[in-house]
Structure formats: C-alpha cells, structure tokens
Amino acid sequence: MTKYNNFDFLRFLFAVFVVITHAFAISGYGENKEWGMQLSNNQVALSQIGLSGFFLISGYFMIQSLQRSKSILDYFKKRFLRLFPALMVLLIITVLLLPIVYEGKIPFYENKQVFTYIPNNLSLYCFQPVIKGVFDNNPYHSINGSLWTLRYEFSMYIAIGLLYFIKNNLKLVRVVIGAVFIVMLICYNFFLQRFGGASVLGMQGSHILNLGLFFVCGSFLATLRLEHIKNKKAVLLIGAMVLLISVYFNFYMHIKHIMLPIVVLLIGFIPLPFFSSFGKFGDASYGVYIYSFPVQQGLMYFFELKLYPLMFLSVFISIILGYLSWWLVEKQALWLKTELILNKKYLNINEF
C-alpha cells in the first residue's frame, strides 16, 4: 500500500470529533444539542462518527498487520506496544495530578479507589471511571470517559489474532470474516433488544455489535483489497450520496456499517494535497483521544467554562498533549519494536 494516503489526518480528525462531542456533555450543555445530532435528526453524533472511523480503519489495517506478522506472538507484541505504553503514562500522570482536584472526605492516599485506578484501567476490562471525591461537583463525574472503548478495540485485536493460522489463505479469511459480519449485522438490525443488554467481560452487547461491525467490515474490505479498486472517486461519490440520503430520510442506522466504512476508507486512499503528508508531524490521534477527557474535566473544575471556550481550549491543549504523547512515548515504543526486530535478525531468530 502506498504511504501517500489520508489516514493520519482522518484519525486526527476523528479524535477531534470525540473531543467536540465530549465538550457538550462535560459542560452540561447536553449531547442532544451536539452539532452532529442536530444535523442528523439525532441519528449520529460527531463522536460516534469518530469512534466508527477509528474502528473501521483499525479493522482494515489489522488484517495487513496480521499478514506481515512472523508469529502470533509477534502480532500481539505489536498491538501491545501500540496501545499500552501511552495508556500507562497517561494513568500515572493522572493519578499524580488528581490530589490537586481531590475533595473527598478521607485523605487521598487512604482512598482505596486511588490504588485501583491504574491497574483496573490498565487491565482494560475492569474499567474504573471515577474516584470518589474527584470531580464530584462537575456536571460529569468520570475522570476519563474515553477509556471505555479500549477494551472493545483490544478484543477486536484478539479476534483478528485468532485468524493467524489461516492468514495465508486469503479466500478463507475473507469467508470467515464475511460470515461473522453477516451474523453480527443480522443480530444488530433484528435482535438488538435481545443481545444489546448482554454483558461479556464488562462489555455491553450493543457496543460489541455496533463497534465490532465497523471493525469487521473494515477487515472484510481489507481482504477485498479495497485500495486497488478502480474509479475510487466515482464509488466514493455514490457512497457519500447514499449516506447523505440515509441521514435525510432517517435510515442511516440501517446502512452505516456498510456505507460508512466504504466512504471513509476511500477518502483515506485518495491522496489529497497536505492531507497525505499530515503524518510527517507524527500521529497524535491516540494521545488526543486519551488525554482530552481529563483535560476537559480539569478545565471545568477550575474555570467552569461555557461550551465553546471549553471546546476550543480543550482541543488546543489536547492536540499539544497528543503530539507530546506521540514523540515522547508512542514513537519510542515503536522504536523499541524496531530495535527488537534488528536485534532478533542479528541473532537469527524470529523477527519482531
């Protein structure tokens, strides 16, 4: 695949979408008044577009990552280094700064929730959104309401990893992923009330189906080699028109898991001036996503900002933190991966 694509910009944009929607909730303004909800007749918020975009892009590139992996351990090491180092640093910084905003009745370091916050959230599946005494008087009490999606993302990594042993048979991989997609799509559209309230490892059934469908569709399109199709611009135009019509006539929910992945991925694959080289500055999207929520909560705690000051200031600060996270943590983790590759090649053992 050519490196001249727009995916770095798209991921960055999707992260900003999430920050914008969270500003409505954290300010107490109400997510129902958010721009995306207003424009779509309450069908989709900007944060939902952002999360959907994250998952479908991730699904697409996970198939390629799987095929390049020399072993199943190699695959999971790469996923670990991409997700956990930045998360660990975020959680440590958060706990170190929380005493500044702590207003609990018992001393901060006697609060048991303080000591469970890092391990619970680092585990992904024991998500702990609050510590009693922190942001209790904010309109929204969660310390970092963005982290709940990470367990769904990591679960998708695990699911794709199970395909490692058939990865060289692309047709079989395509059949398996296509079958899973069809089953999930049927469950989402016809049996959501039955499965939506179910819980697996703390994950809600409705989120597994919704976010999982975007991921699986992205993976399926990867097996079809979407980047090689002809007339990308024409297909993109038709897909975008179908999406707009679905929003206007209120049936977006029924086609989003098929049309949105096609549209987003095609936008990513059509090189555009500036956007194709956006990644030369680094990939701040993950950092923006995980840092923005506590930034917004802190701004509300100290300054009780109105919606738009909170939105614009938090976007600005989160972008700075996102790039710092990339250059100081995430890029270093990728460098570690490269070093391990070189070392293992030198030792004549499996590449990592």
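Just so it is clear, glycine is given a Cβ too, placed from its N, Cα and C backbone atoms.
Residues or ranges marked as domain 'Acyltransferase 3' by TrEMBL: 5-322.
Through the fold, the transmembrane segment (12-30) approaches residues 36, 45-51, 53-54, 138-140, 145-146, 278, 283-286, 288-289, 292-293, 296-297, 300, 305-307, 310-311, 314-315, 318-319, 322 of its own chain, all at least 6 residues removed from its boundaries and within a Cβ separation under 8 Å. Residues or ranges marked as transmembrane segment by TrEMBL: 12-30 (among others).
Annotation comment: TrEMBL describes 45-63 (among others) as transmembrane segment. Sequence-distant contacts of the transmembrane segment (45-63) (same chain, six or more residues past either end, CB-CB distance under 8 Å): 7, 10-11, 13-18, 20-22, 31, 34-37, 149, 152-153, 156-157, 160, 173, 211-212, 214-219, 221-223, 226, 256, 260-261, 264-265, 268, 285, 289.
Distant neighbours of the transmembrane segment (83-102): 108, 114, 117-118, 121-122, 131, 133-135, 143-144, 147, 150, 153-154, 286-287, 290-291, 294, 298, 301, 325, 329-330, 332-333; these residues of the same chain sit at least 6 beyond its ends, with a Cβ under 8 Å from one of its Cβ atoms. TrEMBL lists 83-102 (among others) with the feature transmembrane segment.
The transmembrane segment annotation in TrEMBL covers 148-165 (among others).
The transmembrane segment annotation in TrEMBL covers 172-191 (among others).
Beyond the ends of the transmembrane segment (203-222), by six or more residues, the same chain brings 51-52, 55-64, 125, 149, 151-153, 155-156, 160, 174, 177-178, 180-181, 184-185, 187-188, 192, 195-197, 257-258, 260-262, 265 to within a C-beta distance below 8 angstroms of the stretch. If you look up TrEMBL, you'll see 203-222 (among others) marked as transmembrane segment.
Tertiary neighbourhood of the transmembrane segment (234-252): same-chain residues 39-41, 43-44, 259-260, 262-263, 266-267, 270, selected by CB-CB distance under 8 Å and a gap of 6+ residues from either end. Sequence annotations record features per position, and here TrEMBL assigns transmembrane segment to 234-252 (among others).
Summarising the annotation, TrEMBL assigns transmembrane segment to 258-279 (among others).
Annotated transmembrane segment per TrEMBL: 286-303 (among others), in sequence order.
Annotated transmembrane segment per TrEMBL: 309-329 (among others), in sequence order.
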Same-chain residue ranges lying at least 6 outside the transmembrane segment (172-191) that approach it to Cβ under 8 Å: 63, 163, 166, 209-210, 212-213, 216-217, 219-220, 223-224, 254, 257
